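See below for the structure under consideration.
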Amino acid sequence: TMRNQTLVTEFILQGFSEHPQYQLLLFICFLSLYSVALLGNVLIILAITCNPGLHTPMYFFLFNLATMDIICTSSIMPKALKGLVSERNPISYGGCMAQLYFLTWAASSELLLLTVMAYDRYAAICHPLHYGTMMSKAFCSMLAAGVWALCAFNTAIHTGLMTRLNFCGPNTITHFFCEVPPLLLLSCSSTYVNSIMIVLADAFYGVLNFLMTIVSYGFIISSILKMRTSEGKQKAFSTCSSHLIVVCMYYTAVFYAYISPVSSYNPEKSKLAGVLYTMLSPTLNPLIYTLRNKEVKAALRKLFPFLKN
């Protein structure tokens, strides 16, 4: 029977077409968020690259985070913006799989990197005398490369499993980008293996990573409370407060979007979560890290002298 059915060669991204009265407003908001996200993350990359004083483990990981944010938001925003000014927003099958790959790669890498950054803050605050040894340049490079490679491999498995599915129609994705749950709902072949892999990925990225981050911050808070001077406590907390805000914001969006079975998929809820982690988070990350960080602000002033006034 599968041979007699026409396989889908393109999908239609529903986007926000069910709310046409808000599409112009959404276009302006999304374009503004995308512009700020690109500008903010590029500035962080430039500041860290051009300032030798920022060539430390914390800023090395922040450089990687900014790169991931750019990939994450750029993989979906151009197509989403086009959809807001078009009556119909088609995406080819290959384009959909590519978008799915790069978005999942960047988003999962960010989750794993946030755990690595929590460990870095743990080493800096709980073991300051051994920090240079614990977070050597070679070890930091290995951690970053491991994050990128592991997530690229994991994403390749998920995308590969997705390409094995048959899509016979309907072909409307109830989202503003290609996402796993709505794609699985459109498949006319068995999605059992895909669902099992999603549960395993949720357990690793959503639960295990989150627990490791919580444990790291448990040790950090315990060490801060043991410090004798209020100045020491304030300085220690200021070095990890930005990261803690980003972790809370990102995990809230991810849990809201993914920690639920595919069968209970809600398009409106998923779109809101999608906005949070693909647009709002990449926009706020550079603002959070720069507004609360004197070293990054000083580096930006050196890079752009007109910012001193």
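Note that the numbers count up from 1, one per residue, in the order the chain is shown.
Each residue, glycine too, has its Cβ placed from N, Cα and C.
Remember, TrEMBL labels are computer predictions, not curated facts.
Taken straight from TrEMBL:
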- 24-47: transmembrane segment (TRANSMEM)
- 40-289: domain 'G-protein coupled receptors family 1 profile' (DOMAIN)
- 59-78: transmembrane segment (TRANSMEM)
- 98-119: transmembrane segment (TRANSMEM)
- 139-157: transmembrane segment (TRANSMEM)
- 203-225: transmembrane segment (TRANSMEM)
- 237-259: transmembrane segment (TRANSMEM)
- 271-291: transmembrane segment (TRANSMEM)
Any contact, the transmembrane segment (139-157) to the transmembrane segment (237-259), with at least 3 Cβ pairs under 8 A: no
Contacting positions for the transmembrane segment (237-259) when only residues 6+ beyond its ends and CB under 8 Å are counted: 58, 107, 110-111, 114, 117-118, 121, 124-125, 202, 205-206, 210, 213, 217, 220, 224, 269-270, 272-274, 276-277, 280-281, 284-285, 288-289, 292-293
Residues from the same chain, set at least six apart from the ends of the transmembrane segment (203-225), whose C-beta lies under 8 A from its own: 108, 111-112, 114-115, 118-119, 121-122, 125-126, 233, 236-237, 240, 244, 247, 251, 254-255, 258-259
Folded-back contacts onto the transmembrane segment (59-78), same chain, C-beta under 8 angstroms, at least six residues removed: 30, 34, 37-38, 41-42, 44-45, 48-49, 99, 102-103, 105-107, 109-110, 113-114, 116-117, 120, 140, 144, 147-148, 176-177, 274, 277-279, 281-283, 285-286, 289, 295-296
Model confidence over the domain 'G-protein coupled receptors family 1 profile' (40-289) (mean pLDDT, whole number): 88
